[in-house]
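Chemist: Please see the structure below; I have some questions.
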Amino acid sequence: MGFLEDEDQKYWDDVQAVKAWWKDSRWRYTKRPYTAEQIVAKRGNLKIHYPSNDQSKKLWKILESNFEKKVASFTYGCLEPTMLTQMAKYLDTVYVSGWQSSSTASSTDEPSPDLADYPMNTVPNKVNQLFMAQLFHDRKQREERITTPKDQRSKLPNIDYLRPIIADADTGHGGLTAVMKLTKLFIERGAAGIHIEDQAPGTKKCGHMAGKVLVPISEHINRLVAIRAQADIMGTDLLAIARTDSEAATLITSTIDHRDHAFIVGSTNPNLQPLNDLMLAGEQAGKTGEELQAIEDQWIAQAGLKLFDDAVVDTIKAGVHVNKDALIKEYLTAAKGKSNSEARAIAKGITGVDIYWDWDAPRTREGYYRYQGGTQCAINRAVAYAPFADLIWMESKLPDYAQAKEFADGVHAVWPEQKLAYNLSPSFNWKKAMPREEQETYIKRLGALGYAWQFITLAGLHTTALISDQFARAYAKQGMRAYGELVQEPEMEQGVDVVTHQKWSGANYVDNMLKMLTGGVSSTAAMGKGVTEDQFKH
């Protein structure tokens, strides 16, 4: 067999291996609009095993079990390795927040609010820092345990430091090739899963800010496909989480996808000029700031802005029809899921008139269409994303159980096996939202609805700020007493391993490596005679 035949045989062997991989139950709900042949053709000759693939498999196993049992894994945004090692004792996953990274860990070191305007390697870099710490502390612990006699080993901690990391991919930081490159970075740096949201990249906002602009459903599906394709090229089981910001969105970039049409807002006043024409005329007349805002406010007040379905319902109600309720039901049933042009034809057939409704007239100065979000809107998008996503997350304004149930029920009516995620956001005022008894059971109640993974995005930031404020305030007044009472004594009482920070940092582990290299003796061992950490021995 010649070189060309060998080359073809290897290619077809790889294709068959990919086809067999895709038959695994892991992919029973996953839709791929490409072939194994196309994926293998994009691979190089050197097969690389990515450690993150083991973590992805581990994460999937956790979430499969959670969904089956109707329980949840819950975690929070981790800032740095110290926090990571403490989380590993109690929580089975780790979250890496784009918000936290934007404010504390940009690769340019320039802090920013959560606008995803930091370089695209920022969050992957944070994942890498945490994953490297996981590997190190796992090695350190294993060395200590395996060199301890069996009869004493049970007294030692046995912490699973290798908790799967789920990270924030924002909107993908650009077009589809940018999404693929970002996905590649995350896989290389150790992420088990990533989430990506359906906002427009240039105007991305924190999920709890105003002014969110969506992309069409089809565009976000393309992003999800790009993530899966890149993971397939790299041979990994990376989890893709689809986030929708449509519950509170007010704008959308395009009307190209008919699945968005029912939620786009139009003007019902035929006597008005398009808003942008008036705004442009105002600018040319020298108006600025509040004067331009007044023009927009007046136009909106007169425009009769509403959804096309609402315009049809209002037309039927205002007409001379005898059976108005029946006609409304007939229209809404027939128009559900249809494009606007199809809905117009249905409406004319029922009402006998061409209803004036113009979605171009209210467009913003940036060209965006006005949009009316909400829970049903989010369900509409989630149902479309489900075949391409392992989990789905609806960003919401409040921790509202009834809304969470409405969303879960709406998605599961179409996709019963769809796993869901939930942001237990610190942007919510939890004290106002529900009593403490309900706070305590909220995660469990959501888990029963299928929210298999839940997370507090910024708990790492807030807990760090809280203890830093408490300690700095007390330290300024009480000096070292504050350190003893607020930090060291509680560390010792609660058995926090960082109290012996030299050992926590791996000094014993490194000493033993040096001794291995030098025949068992090292006069420069960091933990030798004279180390101050001996003060903490019992």
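Note that Cβ sites are derived from N, Cα and C of the backbone, with glycine treated the same way.
As annotated in Swiss-Prot:
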type	residues	note
BINDING	SER97, GLY98, TRP99, GLY207, HIS208, ARG243, ASN423, LEU424, SER425, PRO426, SER427, THR457	substrate binding site
BINDING	ASP168	Mg(2+) binding site
ACT_SITE	CYS206	active site, proton acceptor
Chemist: Applying a 10 Å Cβ distance cut-off over all chains shown, what neighbour count does SER427 (substrate binding site) have?
Modeler: 16
Chemist: Please report the distance from the Cα of SER427 (substrate binding site) to the Cα of the residue listed as 'Mg(2+) binding site', rounded to the nearest angstrom.
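Modeler: Checking the Cα atoms of SER427 (substrate binding site) and the residue listed as 'Mg(2+) binding site' gives a distance of 17 Å.
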Chemist: Please identify which of SER97, ASN423, SER425 has the densest Cβ environment, defined as other Cβ atoms within 10 Å, among these binding-site residues.
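Modeler: By the 10 Å Cβ neighbour count, SER97 comes out on top.
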Chemist: Which residues of the same chain, at least 6 positions away in sequence, have a Cβ lying under 8 Å from the Cβ of ASP168 (Mg(2+) binding site)?
Modeler: VAL96, SER97, GLY98, TRP99, SER101, VAL123, ILE194, HIS195
Chemist: Can you see whether DSSP assigns TRP99 (substrate binding site) to helix, strand or coil?
Modeler: helix
